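What TrEMBL lists as domain 'ABC transmembrane type-1' is A:122-312. For A:1-40, the entry in TrEMBL reads region 'Disordered'. As annotated by TrEMBL, transmembrane segment applies to A:56-76, A:126-149, A:161-181, A:187-205, A:236-256, A:294-315.
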Amino acid sequence: MPDVPMKATPEAATLKATQPAVPVPVDERPDSGPAPGKPRSLWSDAWHDLRRKPSFLISAGLILLFLTIAAFPGLFTDASPRDGDLTQFYLQKPQLTHFFSPEWLGYDAQGRSIYARIIHGTRASIIIGLTVTAIVFVLGSLVGMLAGYFGGWVDTVLSRVVDTFMGIPFLLGAMVILVSFDVRGPMVISLALAVLGWTTIARVMRGSVIQVKQADYVQAARSLGAGTSRILLRHILPNAIAPVIVVAMIALGGYISAEATLSYLGIGLADPAVSWGGDINFGKDSIRVASHVLIFPSIMLSATILAFLMMGDAVRDALDPKLR
Amino acid sequence: MSDRTERPTADEPNATTGTTGPVEAAPSATGPAEEVVEITKSGRAGHPATGGGEPLLEVRDLAVEFRTREGVARAVNGVNYSVHAGETLAVLGESGSGKSVTAQAIMGILDTPPGRIAAGRVLFRGRDLLVAPEEERRRLRGERMSMIFQDALSSLNPVLSVGYQLGEMFRVHRGASRREARERAVDLMERVRIPAARERVNDYPHQFSGGMRQRIMIAMALALEPDLIIADEPTTALDVTVQAQVMELLAELQREFHMGLILITHDLGVVADVADRIAVMYAGRIVETAPVKELYAAPAHPYTKGLLESIPRLDHKGKELYAIKGLPPSLTALPTGCSFHPRCPMATERCTTERPPLHTVLDASEAPVEGRGSACHYWKETLHG
């Protein structure tokens, strides 16, 4: 069994002289993993897998790029997304060889640089995606954990609340909420999406906690005197969180697309805010004469969503090799 | 190791129990050893002195039932046993006999619902745990009483390093710092003889072999030097050679700390080596209790007798192995009278109607044998026949 050559000295040294020597037999030797001396936790194992996965590397690269664009749009273009010159640039075609220049991806019907607009539109999508995911993750995990761990009437009440929110159609609900606001900034949109979106996470978390709380190590921890909060935070949460992280990552793409949908419909972000959804809406009017106005924001939107979906898939595979 | 490989045949009581430690240690329970332990332990607060005859743990008429779809399953029906400091009580019984449920009720980790403690008392140093507030019970667990589980892989948290889990005991109960806890974890791992403990303290449970994991589990249970350890089939998940080592380690540490040990098992071989007394359980009741030597020499209950006769022996080579016929009863529909009567070769009309109490077993000169009892109407015939 041991894949390491037998060494006599380390064991002999650690056997305490004060104790009657029960020699450690061959099959009790430390069974070293592939890298001796390196502790391998679930997360370090997952990271080990991920580093070698093309889909993870591509999606991580894309996400890093989008995050950089969102944080520092000035690094990518000097042109303003709001300045338009109708006389000069009205629906001008892309100059595909003029990389990163304002005219690279052409101009829209207001004479505004499309390249500048998709660069500056990234921030809204990323901020809304991350904010919704953060709220949903915290709220959903909390509710799911309490429902799953305590069961009984706590579960009954919380699960009915979850069911109620789940019964509201996502987009329709968001529209109803948003039309009641006069000013719709990224925070308002994020809250509207989060209020409707947390139920998925809560359900995943509840199921995961119910599964984990039956584990022997939870009972063992209890039999060794761990209190409820320690059991929940140290023993159940770290073991139950993996599927929730995966679902949240995949959902992030969904929230970005939901924001774009709302902006397209005219009840999300509106001028002067720059957003891909709004630009797609604007581009559809000139689709037959100048399709580039529609195409480039769409490509950005799809690439962002795809990157998060791919990332979620890769992380899921790494965390649970059995699902592959 | 060589003397262990022939263990199935070594179960003849005189051969094994005569040479192992527990018997040797038994007289000291009332002797000077008691004094020494009292001195070392008296430094702790809230620690009532042990009276000479007062048991560490006493279970009285404990009854536990579970609500199931098929009705109420009576898993434990009036169990009585007691453990003194420094003593090993083996609770023997097949699956579903209620031995683990009794242990969970003692520890207070029974899932309620569906479980329910219907009756009885669990006295720990005279204090009834079943009426104690949950917070008090939580503080007792780990500190004064702890438990070792059967499958060490699933009993250790897979996402935390073993060092963290061992150190957690000191951080929760003793408020130790992170670094201090890590040091104590290394000490503990060395104590249960895990090779290269310092290098392996940050490893995760899946990086250890089965025997090593069970050692870690034992180290966790013993971390705070509790007075009582309940070991629920600690060696069942291990292979035979490792079993013996783990049992030996457990027995040795138990002697060292003068703990009471409740050893739950269905392995008669394990019991013979380490136990002082045995309580045999069947269908949620104690059917026989006896000092280990006497039980092996002359069982006083047909069930115990059946168990002992079903051990393969070299001198019975070629003959058919005895088996207790039938199946254990369903806990939702226990037989009337003696629960064992449908499977008992000695059953009579009386057994189907009248439930036998735990009779005191008398020896040949009609004097009661210390600590021996049998819940059989015909214990005399079983014992001498």
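Using the three backbone atoms N, Cα and C, a Cβ is placed for every residue, glycine included.
Those TrEMBL annotations? Automatic predictions, nothing curated.
Since the structure is predicted, the reported quantities are computational estimates derived from the model, not experimental observations.
Between the transmembrane segment (A:126-149) and the stretches A:161-181, A:187-205, A:294-315, it is A:187-205 that has the most C-beta pairs under 8 angstroms. Counting residues 6+ beyond its ends, the transmembrane segment (A:187-205) has Cβ neighbours under 8 Å at 127-128, 131-132, 135-137, 139-141, 143-145, 147-148, 158, 162-163, 165-166, 168, 170, 173-174, 177-178, 181, 240, 243-244, 247-248, 251, 254-255, 258-259, 262, 268-269 in the same chain. Packing against the transmembrane segment (A:56-76) from elsewhere in the chain are residues 50, 100, 119-120, 122-123, 125-127, 303-304, 306-308, 310-311, 314-315, 318: each is 6 or more residues past its ends and has a CB under 8 Å from a CB in it.
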